[in-house]
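Record features, source TrEMBL:
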- 1-10: compositional bias 'Polar residues' (COMPBIAS)
- 1-115: region 'Disordered' (REGION)
- 35-49: compositional bias 'Basic and acidic residues' (COMPBIAS)
- 71-81: compositional bias 'Basic and acidic residues' (COMPBIAS)
- 346-387: repeat 'WD' (REPEAT)
- 427-505: domain 'BING4 C-terminal' (DOMAIN)
- 543-604: region 'Disordered' (REGION)
- 559-590: compositional bias 'Basic and acidic residues' (COMPBIAS)
Amino acid sequence: MKSKTYTTKMASPGDPSVNVSHVEEKKKPPVRYWQEQEKDEEKHDNKNEEETEEAVQQENKHTRKAKKRRQTDDVTNEKKVVSGKSDPFPGPAPISKNRLQKFSRKGQTQKLHRQRLKLKEMITRSEEASEMAQKQAARFDLLLPEEAGFLEGDEDEDTCMISQEDIADAVDITAGTKYFNLKLTQFGPYRVDYSRTGRHLLLGGSRGHVACVDWQTKQLMCEINVMESVKDVKWLHSENMFAVAQKKWLYIYDSNGIELHCIRQFNDVLRMQFLPYHFLLATASATSFLQYLDVSVGKEVAAICTKTGRLDVMCQNPHNAIIHLGHPNGTVTLWSPNQKEPLVRMLCHQGGVRSVAVDKTGTYMVTSGLDKKMKVFDIRAFKPLKSYVLPAGASCLSLSQRGLLSAATGDVIQVYRDVWSTPVSKPYIAHRVLGTVWGQQFCPFEDVLGVGHGDGFTSMLIPGAGEPNFDGLDSNPYRSAKQRQEWEVKALLEKIQPELISLDPTALGQVDGATFEQRHQDRVQALGFDPLAKEKFVPRFKKKGRSSAGSIERRKKQVANEDQRDVIRKTVEDKMKMEEERKRVEEKKSKLSGQKSALDRFRK
């Protein structure tokens, strides 16, 4: 073996002391030729970096503001890290065009021809806000997962053969409790009305029994006996007040059963309808009068004599607040508080009309008459669509929020589906109650049909009848007392005046062309010139603050006054000429009258 020799360097007396350990550091490996090239490249890069540092610092000064604006875009564009991995779908979720079109509010605003920087900024901000609101509404539409489910039978099984007991056993416990019977044989038959939220139930017996119930919790709010016959009951704008049409006059009660008002102007009332957005209570009486009461101020808005006899068939169109009345001669008339004559008169049946119902979109009307027929009409064109023959005719009709039709014949309730789209041969659900049906109504936002009959009240389960998603700002079934008070104040501030009730509610935002032309002609005749014939003066845009709104208006008025002076000067000259001609004619007449004729001697 070869022996290794180790040499050590001794420190000289003049050299500084050196601390050398007995174990030397590891020697670095020899440098290869490719590593020398890398070192040269690193030196070159360092020089370039030093040169570019100054340029970067200058650029940073100019791009600070731009970076702040781009921060929002960078956050959306950069890939987010989810559990250590990059997000495969960065950015907001896409929205379909159909859903965006559903919530579109307005079109794009036209660009301005002149420079209006502030106005342009305001327009762009409003467009961005409307676009954001449109996207948010389209996204929140996905948060409405509830869907209306209908009853489906097995093979060769009709859903009308399924009993209410079987449906109550098949559904969950909460929904099963919504099927119940109230046995009230002493004061029946009963009229029924649900509140707009679908939470409270109002019962009115023909022999004076009136009760309001929170029917979901089965808690009785009040129960009174008015000691005279009751024709109809109706909730007002909230569940704190309700109206009762008694034997002689109309009475208003609160939820505790305390009488608030006795309105003697409304006598012999048979039917009532409440218009929630107008705060109007419409009543139809036995004396052929249709009256409107504004419950917010307690004044009578209109009293119309229909001259058609006893009014015991009444319904409202929820879309435009038009009242539909059925008459014994087979006609249905449409009324508004603004006119003393009916807006439309339709001949619907060969016999008297027994019941009328209108869907919530205001498109279809269903009527039943003494000729044992049930007809469906398109109100937009006032034409019949379908006609069905019932064995004994329908005495009472009701339409649900999802378009289900309930027809009562004696003590049998038949619910039909898709009445106006396809011909129906058999009912969707059928049920027999203990007494003759006197009133029925679908509960809002619930798959429930309330039926008032001679033996009391029955709550039926009708799958797919109610709207599953409610508007919390309009009709919230779960609102608290504080929310109800705030809603009531807002509704009063947004109350629609009765003068705006018309057949076509969309016509309010349109221009009446014929009336506009007539007014324009009258204006031309009064002024003697056409003010719209000449193009309007458009002031030139000036800088340094000289194109403010006030200065522009002053320049417009100055030019308009100059034009008006010329027009007035011409009109004055024309009037003077006409006056001179009139004087000349009068002078000629006076001269001719001053001359004596030969026949003047025979005058006495």
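The backbone N, Cα and C atoms fix where each Cβ goes, glycine too.
Note that TrEMBL annotation is computational and uncurated.
Secondary structure counts, DSSP: the region 'Disordered' (543-604) has 51 helix, 0 strand, 11 coil.
The average pLDDT for the repeat 'WD' (346-387) in the predicted structure is 94. Sequence-distant neighbours of the compositional bias 'Basic and acidic residues' (559-590) (same chain, 6+ residues past either end, Cβ-Cβ under 8 Å): 527-529, 534, 537. Sorting each residue of the repeat 'WD' (346-387) by its DSSP state yields 0 helix, 25 strand, 17 coil. Across the range of the domain 'BING4 C-terminal' (427-505), the DSSP-based residue counts are 17 helix, 22 strand, 40 coil.
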